[in-house]
Amino acid sequence: MSHLKTSTEDEEPTEEYENVGNAASKWPKVEDPMPESKVGDTCVWDSKVENQQKKPVENRMKEDKSSIREAISKAKSTANIKTEQEGEASEKSLHLSPQHITHQTMPIGQRGSEQGKRVENINGTSYPSLQQKTNAVKKLHKCDECGKSFKYNSRLVQHKIMHTGEKRYECDDCGGTFRSSSSLRVHKRIHTGEKPYKCEECGKAYMSYSSLINHKSTHSGEKNCKCDECGKSFNYSSVLDQHKRIHTGEKPYECGECGKAFRNSSGLRVHKRIHTGEKPYECDICGKTFSNSSGLRVHKRIHTGEKPYECDECGKAFITCRTLLNHKSIHFGDKPYKCDECEKSFNYSSLLIQHKVIHTGEKPYECDECGKAFRNSSGLIVHKRIHTGEKPYKCDVCGKAFSYSSGLAVHKSIHPGKKAHECKECGKSFSYNSLLLQHRTIHTGERPYVCDVCGKTFRNNAGLKVHRRLHTGEKPYKCDVCGKAYISRSSLKNHKGIHLGEKPYKCSYCEKSFNYSSALEQHKRIHTREKPFGCDECGKAFRNNSGLKVHKRIHTGERPYKCEECGKAYISLSSLINHKSVHPGEKPFKCDECEKAFITYRTLTNHKKVHLGEKPYKCDVCEKSFNYTSLLSQHRRVHTREKPYECDRCEKVFRNNSSLKVHKRIHTGERPYECDVCGKAYISHSSLINHKSTHPGRTPHTCDECGKAFFSSRTLISHKRVHLGEKPFKCVECGKSFSYSSLLSQHKRIHTGEKPYVCDRCGKAFRNSSGLTVHKRIHTGEKPYECDECGKAYISHSSLINHKSVHQGKQPYNCECGKSFNYRSVLDQHKRIHTGKKPYRCNECGKAFNIRSNLTKHKRTHTGEESLNVIYVGSYSGTSQKRTYEGGNALDGGRMRMPL
């Protein structure tokens, strides 16, 4: 032991003395330098320093020599501790804080009479505790790279290897290099599978001694090393030191290839594999390799289905903690990553990095086959499948394969089965959550993808990508039949259906077929009444987004479509086109048969079919023929009852756009058709024609049956049905037939209960506008129809006609039983006596009546309202009979007296 000498501040102990208990020592390890129960704690040795007897250093050293010899001989006889275990402890000491390094390099030995405390090593053998020096020793050896100080030069030499990156020990199995032989020995156990260090608590085995020590702390549950920055606790001071670098930003381990720095050596080691291409960790299921064990561990969860990290907000589970943390930011609304160009925020840093490429225009990932470049590697990987023909995403139902996972997701929705992801707004279900998330943007109105050229927004990136081609002029999808090019694959696919004559998308409600799936989806909403596009201003809903877009202009006041003739502006292009027809313009295409002129040649061609008698378009339901496809399409809606044109003001629906156009003029007040005789204006051309017939000499078409004259031949043809008894318009509910479609429409409201015309004075509703017009005269007192016999006036023309029959003694309405009546309505009521029909039913008790007035009286028995005196006068064979209801007095006049 002559080589042991007194250590002063100016000299360094020899390596043998300095590294007692470490791998470099020639002596066997006397005791565990960091007892497992106190690893990383504020060491008990520190507290013992104050209580130590303050002997001269020389005296203590002499006493310690004998203790060391005794301890060494005991250690040799009781334990055979492997040198690599000690070496490992030595390596670990490089990462310990200075005070723990001091403890590890102290001379061994302490008087048992002073403390008497003993510590067990890993094998259970007890040795005396180490004695710490009383006076602190200055750290004179400083690293000129990072400024860290050491007491001994040998420590500094070992530390410098971190900066130089020198690794002299190479693994002959995988080529991995290490700074020390002990690290290489531990590494080789990865290849051999040897795990010599076993936990006596649970039996779990480890390759290295330090790993076992780390593991043992899980049983004790102690975390005695606390970070004074954030309060986080750790089992070991070395781990705490590494953690502190997060706060300080210190990254002492730098890559010699690219200069990237890391907080710890393991991070650098894994990073270097990027340059070397080394991936030593292989999945035993699919053969995929990884540069680090954690990557393999996470990957294996794909095969096992394990998702240990669950969100406590929504229950969604993830395979990594980081993915869970990223997901949680959705619930918190956190978007901490902000673009300094456009200030757009993102949940994840990776998304921000991808986004920034939009501003730089950088596309670093280039295809070596065709030269196409991409912003990210994933885009290139997917693109390469076009060249390789690889289709890794296979449908487990039908076996069809796809290049993209999104393609498979869309395809799977074709197969029937439960769709687990349901929209809470409208109840629509989806096979995948990603599709549900895309769908939800319909309800939220969220459009996060903005075109940097025109500012137009989109719900998804794919929509934006296709839209950008409008600005660039790129049309990558070309038809191989006619050469026409398109900006999207779906547009090309739809176009090809024209050549094939295909309309593959068939409505399951009315069997109507469409070229496009999108057109079918929109059409189906007519049947389902679904209106997913809601206005956030007034709550009004629409079947499609374009309808909502036009509607929103009502709130914003925007009118982008302006007439260049008069300057009038409109909210939609169709409104402008309709308006333009008011202005006289050039019509260069003239019909040589009737000299009628048209704006377009196509319109002229269609018109000529009228003269030729051609009606090539035939209805497959009723075989009626038409000149134009548009007329056939409109006609078909009679059979399907489809009314796709809806008014955005009052929600009234129409079979064709022209009817909607005319209807809208009620709301706008526009009356473009003016009478050249009296100046009165109307909303439709047909109304003007009808009006003109009131002027003398303006009715050239006369009925040869009754002499009644009409302005148009069409009106005359309709009128003649009265004489011929034709009633082509039949009600499907009750079978009743009518001469005019307008009468059928009014009649249908009896079955539907619809009364769209409401009096603004008393709230009474009517089935038709004429009923409302007559009713309003009750409030105004207006009676424009006066009898020229007796001067009595009436509010309606029909009432006057009925009254005149009293003077003439006529009762033109005869029943088969011989009774006659002045009024058709009275005859209809009378006939119900013979048929037994009682169409008026009480919704309280179900009792039925043959006339409405009886139902009205009956209802008062439920409401408790007092009965009114109602008089009904009917004539039988020229004799007038008076009936008094509820004991009321009979009134003259041949009409009912009703309270106002």
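Even glycines carry a Cβ here, placed using N, Cα and C.
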Where Swiss-Prot marks SUMO2 cross-link, which residue is it, choosing among K82, K216, K493, K692? K82
Among K48, K232, K764, K819, residue with annotation SUMO2 cross-link (source: Swiss-Prot): K48
Candidate annotated in Swiss-Prot as SUMO2 cross-link, out of K54, K62, K223, K857: K62
Out of K133, K424, K748, which one does Swiss-Prot list as SUMO2 cross-link? K748
Per DSSP, the zinc finger (337-359) contains 11 helix, 4 strand, 8 coil
Write down the Cα-Cα distance for K748 (SUMO2 cross-link) and K587 (SUMO2 cross-link), rounded and given in Å. 42
So how many of the residues in the zinc finger (225-247) end up helix, strand or coil by DSSP? 11 helix, 4 strand, 8 coil
Answer yes if the zinc finger (673-695) and the zinc finger (645-667) have at least three CB pairs under 8 Å among residue pairs 6 or more apart in sequence, and no otherwise. yes
Mind checking which of K587, K748 has the fewest other CB atoms within 10 A of its CB? They're the recorded sites. K587
Going by DSSP, is K587 (SUMO2 cross-link) sitting in a helix, a strand, or coil? coil
Of the stretches 225-247, 337-359, 645-667, which racks up the most C-beta pairs under 8 Å with the zinc finger (617-639)? 645-667
Helix, strand or coil at K748 (SUMO2 cross-link), per DSSP? helix
By DSSP, how many residues in the zinc finger (309-331) are helix, how many strand, and how many coil? 11 helix, 4 strand, 8 coil
